[in-house]
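S.K.: Got these off TrEMBL a minute ago, pasting:
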TRANSMEM  A:38-56  transmembrane segment
TRANSMEM  A:68-91  transmembrane segment
TRANSMEM  A:98-117  transmembrane segment
TRANSMEM  A:129-150  transmembrane segment
TRANSMEM  A:162-180  transmembrane segment
TRANSMEM  A:200-224  transmembrane segment
TRANSMEM  A:254-273  transmembrane segment
TRANSMEM  A:285-302  transmembrane segment
TRANSMEM  A:309-328  transmembrane segment
TRANSMEM  A:334-353  transmembrane segment
Amino acid sequence: MSTVMSGRSRRAKAPDDLDPDIRAVAPQSPLRRLFRETGTWILVLDVFLVLLFGALSDNFVFWSQTNVQALMINGTEALLLALGLAMLLGAGAFDLSVGSNLVLSSVLGALTIKGIAGPPDADGNYHNLGVAILLGAVVCIGTGVVYGIVNGILIAYFDINSLIATLGTMGIGTGAALVITQGGDVTSVPSQLQSEFGLASLWGFLPYPALVAIVAAVVLWWLLRYTRYGIRTLALGSERTSAERAGIRVKRHLVSLAAIAGGLAGLAGFVDISRYGSTAVAGHVQDPLVAITAVVIGGTLIEGGKVSIVGVIWGTVLAIVLQTGLIILGFQSFYQLIAIGVVLIVAVGLDRYRVRRRGDR
Amino acid sequence: MTEGTENAAATTPSPPAAAATAGAAADGHFETAIAGRHIAKRFGHVQALTDANVTVRAGEVVALFGDNGAGKSTFLKTLIGMIKPDAGEFVVADRPVSFSSIRDAQDAGVECVHQDLALAPDLSVVDNMFLGNEMRHRGVLGRLGVVNRREMTERADAALRELSIKLPSLKVDISALSGGQKQALAVARAVMWGHTAVLMDEPTAALGARQSAIVCDLMRTVAERGLGVLVVSHDLPRVLKVADRVTILWRGVTALEAPAADLTVPDVVATMVGYGRDNAA
Ligand SMILES: Nc1ncnc2c1ncn2[C@@H]1O[C@H](COP(=O)(O)OP(=O)(O)O)[C@@H](O)[C@H]1O
Ligand SMILES: [Mg+2]
């Protein structure tokens with residue numbers, strides 16, 4: 001202790017009303033602050049890629065309304081998964097099971113809708129279609145929440161590393177979905193679900209599913225920024241012990257975050273059946289890759305404490321634009337995977353650099 | 001989601017910053033702020049505490065001295081419900097208590113400044129000051145869990161100013177502050193929320209001479225408000241000067257309880273290392 005004191009005793013000569021520790025930095029201009037956010041740079045990159053792919057595509061089809069709408073629908077599920085993941089990462093926990101959760105939720109939801117709606121009559125109409133769809137949505141989201149709670153309990157109460165816990169439940173979830181469908185998909189979900197929601201748009205432009213995802217993003221942004229729940233989430237990711245010592249019920253809080261992430265995955269499952277009119281059990285293996293990439297490139301710190309919802313949106317846009325753009329330019333679809341993988345690694349490299357520069361960890 | 005159930009602080013309205021603005025302890029009158037008697041605690045093969053005793057009366061500063069590994073931190077943790085002791089009784093505000101969590105201790109007005117990890121580095125000064133005790137808006141917004149940052153900032157500013165703690169801004173993240181500033185903030189935080197007793201584990205360990213002096217002044221200020229202050233420190237000369245009484249822990253046993261005025265630094269050191277233990281008591 002005395003060594004600490006001797007190192008600093010010179011400062012004791014400072015005038016009494018002036019704390020020598022204060023080295024206030026002049027506040028930065030709003031524009032400077034904006035460009036300190038990683039998300040802003042990703043937005044710039046998004047705009048650049050949209051211009052590039054548009055200019056390179058035949059007849060500028062990348063800029064067509066059809067393609068933009070397709071981008072938005074594609075982005076919806078990715079955004080819902082990424083948002084949930086971002087909340088968990090904010091508290092320092094991962095979730096690799098979001099894709100499996102989506103699949104399992106969509107299977108149970110689709111079965112519910114078909115079971116309640118029953119077979120169509122001669123005109124292709126169903127009895128109880130409204131109730132069937134409503135309950136289907138409830139089952140999707142409910143399944144997602146339960147899935148998330150299981151993840152949360154494993155992580156918080158059984159103290160299992162979140163990567164391992166959700167890797168395990170990823171296998172269990174996908175396996176359970178396959179057992180239920182006996183290896184196939186649940187098909188022929190009433191097509192009204194597609195025409196009235198999944199492929200319908202507000203004002204003929206904004207797809208309803210995208211609207212749902214945007215509402216979810218706004219709610220989470222608000223939650224993080226203005227509520228006690230948000231403060232506690234970030235405190236938990238920033239320094240778990242401190243949060244515990246501040247009297248926060250850390251375990252319960254983690255479970256609630258995992259439940260939110262799960263509920264969003266379930267919602268994405270509902271969007272999935274609304275788009276395709278069937279489940280896509282085998283189509284979501286890469287979802288965690290895309291979701292994690294979207295979150296991390298947007299400026300959310302992987303060790304927790306900082307979440308950028310706006311960054312998640314721009315990050316998702318980047319992932320989706322990249323995927324679609326490569327297809328439109330005629331690359332085979334597996335090149336997307338390479339591109340996303342590269343982006344993820346570059347993003348984490350930048351993230352490391354940022355943490356080193358902050359210098360306190 | 002769990003908002004509704006997780007708000008002990010909100011349903012039992014504890015006036016935030018009561019200690020920082022009111023002249024006396026918020027909870028009426030009591031003689032013994034906090035006490036632990038015959039506390040024992042074993043970790044596997046280590047008998048960390050055997051018979052630890054301490055009594056802190058309202059309005060006094062008690063110093064808890066002891067060699068490294070004597071069990072001081074463990075003792076403090078049992079006092080705030082972080083560690084469940086194997087044996088012993090506790091008294092807070094003249095009443096026998098048995099805390100099973102930090103939350104229980106906080107509800108009884110007992111706050112602790114921990115040796116480390118007291119703050120969340122990615123949160124602002126204000127959010128840290130109010131972490132776990134966030135002030136909410138009135139009405140619907142409040143029920144949704146929306147915090148009132150303006151009022152929190154005003155109260156935090158007042159509380160810090162009253163303790164002569166100066167920070168460049170209340171909006172910056174804690175990670176932008178110096179070690180001394182962080183420590184001062186952790187003390188201010190405990191003082192803001194404690195209305196019965198404030199415990200401090202090595203609060204000056206990371207501080208320079210000048211800031212150590214400020215923290216020691218803080219102890220007196222807090223005690224004068226009618227709270228009990230229990231401080232663990234290795235800074236014997238300085239803490240001996242501010243303390244009213246001294247408790248010395250030696251290998252998990254309270255070896256000495258005496259008025260600070262009767263002791264010199266060499267006396268304390270001798271007892272700390274177990275020298276002449278039998279005659280001293
Ligand atoms: N959680 C724990 N598990 C095992 N042993 C512990 C634990 N906490 C403290 N101890 C042991 O108890 C003894 C007292 O520790 P501590 O209370 O930290 O001492 P002090 O703060 O006086 O230096 C030490 O021998 C320490 O190693
Ligand atoms: Mg200690």
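Cβ atoms here come from the backbone N, Cα and C positions, even for glycine.
Because TrEMBL annotations are produced automatically, they should be read as predictions rather than curated entries.
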S.K.: I'd like to know if the transmembrane segment (A:285-302) touches the transmembrane segment (A:334-353) in this structure, counting it as a touch only when three or more C-beta pairs sit under 8 Å and are separated by 6 or more positions.
M.R.: yes
S.K.: In terms of Cβ proximity under 8 Å, which residues at least six beyond the ends of the transmembrane segment (A:285-302) contact it?
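M.R.: Residues packing against the transmembrane segment (A:285-302) from afar: 37-39, 42, 77-79, 81-82, 85-86, 89-90, 94-99, 102, 170, 237, 308, 310-316, 318-319, 337, 340-341, 343-344, 347-348, 351, 354-355.
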S.K.: Counting CB pairs under 8 Å, which listed stretch among A:38-56, A:98-117, A:162-180, A:200-224 touches the transmembrane segment (A:129-150) the most?
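M.R.: Against the transmembrane segment (A:129-150), the leading stretch is A:98-117.
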